[in-house]
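Trainee: Following this message is one structure expressed as structure tokens.
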Amino acid sequence: MFEDKGLDCVFLETNMSMKKHYHMVYECIPLPKEVGDMAPVYFKKAIMESDEEWSMNKKLIDLSSKDIRKSVPRGLPYFSVDFGLQGGFAHVIEDQHKFPHYFGKVSQI
């Protein structure tokens, strides 16, 4: 569908708890092919620079060999980006009040 139009896509997933109720947003974002090719580099850099400087969890989780359910401890808020067949990255959100809900959208610019 996207390839016919010369586009690539990334899948963004943000899972946060709001007053003991979980809220998950899953988005498919079409990108120009040249931006899509560089997306893993952009997102890796953005995740490494995000959230708390000193965190209790691993800053960047590589999802190329396992899925999100086996990578992020159950019940913790997280952000993940998937590049289709190339895998993706995840990040455990340490402080939900400081982590912007629009993080994935600004990381691709």
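Just so it is clear, glycine is given a Cβ too, placed from its N, Cα and C backbone atoms.
Automated prediction, rather than curation, is the source of TrEMBL annotations.
Fair warning: this is a prediction, and the values are worked out from it, not measured in the lab.
So TrEMBL has the following annotated:
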- 1-44: domain 'Cwf19-like C-terminal' (DOMAIN)
- 53-105: domain 'Cwf19-like protein C-terminal' (DOMAIN)
Trainee: Please report, as numbers and ranges, the same-chain residues at least 6 past the borders of the domain 'Cwf19-like C-terminal' (1-44) whose CB is under 8 Å from any CB of it.
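Mentor: Distant Cβ neighbours of the domain 'Cwf19-like C-terminal' (1-44) are 60, 68, 77-84, 86, 88-89, 93, 96, 99, 101, 103-105, 107-108.
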Trainee: Tell me, what is the mean pLDDT of the domain 'Cwf19-like protein C-terminal' (53-105)?
Mentor: 87
Trainee: Helix, strand, coil: count each for the residues of the domain 'Cwf19-like protein C-terminal' (53-105), based on DSSP.
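Mentor: The breakdown for the domain 'Cwf19-like protein C-terminal' (53-105) reads 10 helix, 12 strand, 31 coil.
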